[in-house]
Each structure stands twice: as C-alpha cells, then as structure tokens.
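What Swiss-Prot says about this one:
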type	residues	note
BINDING	C50, C53, C57, C85	[4Fe-4S] cluster binding site
BINDING	K87, Q154, N179, C183, 216-223, 247-251, 266-268, M377, Q381, N487, 513-514, K536, D563, 723-732, N807, K824	Mo-bis(molybdopterin guanine dinucleotide) binding site
BINDING	W799	substrate binding site
DOMAIN	43-99	domain '4Fe-4S Mo/W bis-MGD-type'
SIGNAL	1-31	signal peptide
Amino acid sequence: MSSELTRRNLLKAHAAGIAAATAGIALPAAAQPVPGGVSALQIKWSKAPCRFCGTGCGVMVGVKEGKVVATHGDMQAEVNRGLNCIKGYFLSKIMYGKDRLETPLLRKKNGVYAKDGEFEPVSWDEAFDVMAQQCKRVLKEKGPTAVGMFGSGQWTIFEGYAATKLMRAGFRSNNLDPNARHCMASAAYAFMRTFGMDEPMGCYDDFEHADAFVLWGSNMAEMHPILWTRIADRRLGFDHVRVAVLSTFTHRSMDLADIPMVFKPGTDLVILNYIANHIIKTGRVNEDFVRNHTKFVRGVTDIGYGLRPDDPVEVNAANSADPTKTEAIDFETFKEFVSEYTLEKTAAMTGVEAGFLEELAELYADPKRKVMSLWTMGFNQHVRGVWANQMVYNIHLLTGKISEPGNSPFSLTGQPSACGTAREVGTFAHRLPADMTVTNPEHRKHAEEIWRIPHGIIPEKPGYHAVQQDRMLHDGKLNFYWVQVNNNVQAGPNTKNETYLGYRNPENFIVVSDAYPTITAMSADLILPAAMWVEKEGAYGNAERRTHVWHQLVEASGEARSDLWQLVEFSKRFTTDEVWPAEILDANPAYRGKTLYEVLYKDSDVGKFPLSEINADYKNQESSDFGFYLQKGLFEEYAAFGRGHGHDLAPYDAYHEVRGMRWPVVDGKETLWRYREGYDPYVKPGEGVKFYGNKDGRAVIIAVPYEPPAESPDQEFDTWLVTGRVLEHWHSGSMTMRVPELYKAFPGARCFMNADDARKRGLNQGAEIRIVSRRGEIRSRVETRGRNRMPPGVIFVPWFDASQLINKVTLDATDPISKQTDFKKCAVKIEPVA
C-alpha cells in the first residue's frame, strides 16, 4: 500500500463503496472511504450504532492511539445509508469533556460518609463498601420495597438485563423503572392493549412505500432528522405523496407539510375520533378486515391524572382506581360513539380549519392511498397518551392499512435502546423480558426457571414507577436508590417539589452512575464514574426492532467502569442469606451462602461462555475482569425468553457481522412486517393477517372520548407551556453541551413565544423573563423569531439547558394507565424581569 491516500484511490474507494452498497455487499471497515489522507490509514475503523436517539443510525468509529478521533456515517447501515445528523457528526467528542468523572466520589465529613458532607475521591472498594452497607441497612430495616433503581433507555441490553436480574432475583424488588417511562410507556401500553405484543409491526422500509405521512406530535425534522430525509425524498420525488403535520405550534417539519395543522393542546383526541367517524360515514371501512381481524371495546372514562392520591383532581375522578377497565361492544356501538365527533364540532374544539381536517381524514379513508402515521412525545407525553396511541390504531384497523409495506402506524422512539432495553428486556416496574409481566404467576415461574432460582423469589406486585419513585423518595418510603444513565433531577417533572427533595432526604442514600457531574449526580451521596458508548461492548435495540451490537473500541477514562461492570461487581457483596427469605432457603439449601454474583451471573447460564470466544482484535474490560464472556452470556440467556414466542433473536455472534437485524429472527432471516402472511414466520399459510399477541388473533378497536388536560390556563396562569428538544442537543445536554460546535450552535435555552403575546406584555426579542407556574419558576429570554412559530397563548422551552431548569415549572401529571408524564401541557404566566 502506498504511503498516501491519493485522490484517485479515494475516488476508486468511494465508487467501490457505492457499488457494494447498491449490491448489498458489506465491505470491511478498512475498505470504506474516509477522508483524512495518510493519517486516515493509521485509524482503525469499526462499526457501532449512534449513541443518541432511537433511530439507530450506523456509524463508523475511528480509533487512533487509544482514542476515538473521528466518526462518519456507515454506508453499509440500512437505517441511515451513510448519513448522520449534526449530533452524529460530533460523536467523537462526547467522551472527552474536560470535566469527565474519573473516580468514585463520596460525600464525607471528618473522613466518613455524611449526607451533608462534601464530595471526596474514594476507591471503588470503599465506594462499594459504603454502598453495600447502606443497602443492607435499608433491606434489614424496611425490606425490599424500600430499595429501588432508576435506569434508562440508554442502557445497553446487557446492562438492563443484568439490572433486572439483580433487582428482581437478587434484592427481590420490582422498584426498577427506566427513564423510558417518561417517553415510551404510553406507546408500550397501547401496543399491549391493542395487539397483545409490544413494538411496531412495520419498519423503516415503509418510508419508501407510503403515499402519505401523518405526523402526530412529532417534529421529525429536528428529532429524527435522518428518517425525515427519507420522508422528504419520497415527498419531493413523487407528486402524489402528501405530508400532514399536526402540532400545538409551527415547527420545521411544517415546512414540508401539505396539510399543516396547529391544534389546541389536548384536542388531538377529538381529531382522532373525527377521522374514525369520517371513515365510517363515507363508507370506507374495510369490512372484511374489521370482521375477521378486530374486536371492539369501550374504555372506562374519568380516570384521573396520575397526581398524588390526595389531590382533589384524583379524589373527584370516578374511575382512577381502575383506569384500564374495558367492556366489549360491537361495531354499531362504536359507530354511534364516534358519530358526535363531526367536522363542525372538531373544527370548533381544536381551532383547526375544517378544510385541513377533511383533507387529513381523506388520506386515511382513501383505499388507494398507503398511509404511514408517525408519532413520538406529542402523543406519549400526554395524560391520555395510551388512548391517543390506541385511537390512531383504530384508524388503521378500520381501513385495514396495517402490517404491509407503506401502511404502517409507527411509534418513533426517543432513546437508542428504549425499545431494546427498557421494553424488550423489561426494565419497567411491572415487566419481565419478552412482554412478560411480574403480575402473571406463569411468567414469574418461567423467569425463575431460566434464571435457575427458586420459585417464589420474584415478587408479584409491580414496583414504583418513575414519578412514584420520586414521591416515595420524598416521603421517605424509598431509601436506597441507584440511578444509572439518566439525569432525572433535570429531566423529571415538578423537580423542585418532588425529585430534588427526595434525593436530599436525610433518610435516603442516593447513588448516581454517570460520566459527567450532572445536576442529578451532584444531588447524590455517592457518584460512580461510568464508561461511555464504545468504551464498552454493547447492544441497542432501535425503533424498528433492530438489534445492533458493537465491540469495545477504547478504554474508559480514568477509573470509570461500565454500568454493567458496576452492577455485576456490586452483586459480589451480597449473599443469598442476606437478601432471600429463610423459608425459601430452607427449602433450597444449595443456595445458602452463595453470593448474588455466583447465583445470578457466574454460575448461571451467563457464565458459560469462555474468554476465548471474544474477538481477539478487541478488548473487553468486563469479561476480562470476571473471567468469562459476560455480554454473550447475558444476551443468550435473555434471548431464551423470546425464542419461539415471536421475539426471536439471532445467535449473539451473528450480530457482530451485520448492521443489526429486526426481530423476530427465525432461521437467520429477519422480519420486516409482522402479523401478515408472507412476511411474518409466525403467520401460517392461509391465515392472512393474525395478531397473534392476542389469543383470538384479533386487534382491539377502542371507544374512548376526549377528556381535558389536568391543568389549563386561567386568568392568572394564562399561557400553555410545552417542553421538548432541539436539533443540536439531546435530552439534558450532558453530552452535547460539552461538544464545542453543538454548544456554539445553540448555547442556551430560549422561550419561544408568539410575537403579539410578547408585545402585549411589553417584551422585546431577547428580553429576560420569569416563567412561573404553581410549582416553581425559572428565568429565560424571549425568542419570537426562531425556528418555532408559536400561536397565541402557547410557549415552548427546551429542557437541555441546566441553567434553565424548566422542569421546576412542569406538572407531574401522568397518564393513569401508562404512568407516563405529560410534559406538553401545563399553565404558566410570563413576567418581565425588572
């Protein structure tokens, strides 16, 4: 090889890459074209999924002299086809912030732990000794219900699986929940209530087949920009394709919209029922499909808003005790139910032009038009989020536009493994792997058999969900708490009155594992430095059911260790005698005296794969420390839950050779569309369509009404507050705000406001203001000219900025079914800063 990468060679390599991609041939990383001249030849390139959102883009990661020095879009990745968004282009910088945590930090006073002490560096042994002492104290004094963990949709699959074993099988506590409770819980519950199985039936290939795209509360242009390019390509390349965008304000996705619709907050429920009514009234119901593949139910109403039980709103709610209850009805009853949602009534309630409403309804009603519905936080962060999700399924089921190329109700995901880890692994307070639940005795028994632990170990009662965890910390009922891969003191709702006070409650011991000193970390008693992204071997599952695995490419900074290493290493400090009931141990004496490390990891199926099976070209810190191929063992044991049950995963080693596969993977073949014959191996010849998650093979169409938000503007608090993200930053900004280019692009949050509203208050562009709610206040600055154009009476404030904690202001109302927080609707007032 010559010492220089010449222009001709670069062009030849580029042409080869394009040809190979077109032919579906995977080139080795070294053969992929990269810029950089001679230095590029000294860089080792390996594949990985992007660290940020749930799209699951593939990237090539360049390592030189033990550091990640560059990344570029992976041309062999089907998801993004070589593209990255602005965040993805700067992935190489997220691990190298100047304030990276490199050693455990414990609050101390006079050389010993003290809740009111200052952080001091300690060894891992001292950190775990104090941590174990506090955990054992709480277990002894109050039992398993006082121990909890808050995890993440950014956990790798291995980390989430190790955590669910430690909490449920080790400490016998279901107080395990992910921050995905804040983003995907409503979607997951709606999938289960409608189809009996979680996650989308379609895939990203639908983008190239659909004739219409309808965005419900999703600003894809900024939040899922790579997928947005596929919509834009389809819309601009074919004259018949239409795009409808529904939102409470005008944003960048509206720029491509043929049907732009700004509705009053919460009234999307009205629009959904109107569309169902329109389909029925105009005679466009797919009667054969509905007759053979669906059933109808009516949901209970007046279900409350997930506030504290003593809140007057909850006390007055008629059915807050059982919000999931339904009763069977027939099509005629459903028809009568939605008939009141006329065009005129819908236009009046929502504020949307009647013409736009009718155009939207026609997209769904036209039997010749394939429709892809897409949604994310606008639907999910909603006090009736489960209903909203189910109501869009109503529309697709009434028309039969589902489970085939281009006809796809598609729930987009916010985090890189909210699907793969939070949902598929089952790190929610009520779930087990592969859609199993702790409340089902057969599911618990099955899990105990796979885990090779005695029956009766896994508790049957669901644990505290995310918002409830904050309340229980505040009330002193949850006293040992471990937080990994999230920043909930910044990200959670009503943080001033619930979250922060719970962390600083003297009765509680709080541990936070993180890579940077976030607000959450600085609110803790013990901070554990965490390895990031390619500093460990990992696996994510994206929004289209694609599981993607990567190797460890570099070593972690300082003494930082992965969350997986922390979980498994910590388990060594507990014996079964300290955490399991005596009666279970008496009946199973072989478990006595063993550590949780031995029972859950080393001596289980997890520990059976030797180090020799690790690719010799890559390091694996955790496996080297424990003496066996930890990640492979965890994955294969976890995969046993789903194989043969419609959640089939390929053998672990296969994932290292591809850019992910979409489950179910049967006989080495991934599944693009579920529930339809010819695509899904679980649908037998002659069955056509079968929603096999439900025993009768039928999907559910539900009749539920519009109900108002938990809090609406009044004379004093006269403005709606909506929170969310911006293109340049991700979540709380703990990574992206440390990338100089991203920081400069959007250095601080702004209050996006209607210009007339600002003028009426005497506020100019850039004026400093106070945003005040019944719960708290922050300061921000007015933005009337930016990318978001607000209607009168609505403001938008992104939550990435730690200097503007907008969640001090938000309301901790949740969907009573999913327990997911509504960050999109609360009442505030705007005051100038004198």
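Backbone N, Cα and C atoms are what each Cβ position is placed from, and that goes for glycine too.
Across the structure, V726 (Mo-bis(molybdopterin guanine dinucleotide) binding site) and C50 ([4Fe-4S] cluster binding site) place their CA atoms 17 angstrom apart.
Here the domain '4Fe-4S Mo/W bis-MGD-type' (43-99) is broken down by DSSP into helix, strand and coil counts: 7 helix, 20 strand, 30 coil. Listed in sequence order, the residues F52, T55, G56, N80, N84, K87, G88, P225, I226 complete the 8 Å Cβ shell around the [4Fe-4S] cluster site centroid, once C50, C53, C57, C85 themselves are left out. Recorded residues C57 ([4Fe-4S] cluster binding site) and K536 (Mo-bis(molybdopterin guanine dinucleotide) binding site) have their alpha carbons 18 Å apart, per Cα-Cα distance. The binding-site residues shown are C50, C53, C85; of these, the one with its CA atom nearest the CA of H731 (Mo-bis(molybdopterin guanine dinucleotide) binding site) is C53.
The number of other Cβ atoms within 10 Å of the Cβ belonging to C57 ([4Fe-4S] cluster binding site), over all protein chains shown, comes to 30. Within the same chain, residues at least 6 positions away in sequence whose Cβ sits under 8 Å from that of T250 (Mo-bis(molybdopterin guanine dinucleotide) binding site) are P260, V262, N788, R789, M790, P791. For K87 (Mo-bis(molybdopterin guanine dinucleotide) binding site), the Cβ neighbour count at a 10 Å cut-off comes to 22, with all displayed protein chains included. Taking all protein chains in view, 22 other C-beta atoms sit within 10 angstroms of the C-beta of the residue listed as 'substrate binding site'. Checked against C85 ([4Fe-4S] cluster binding site) by C-alpha proximity, the binding-site residues G217, E222, M377, K536, W799 yield E222 as the nearest.
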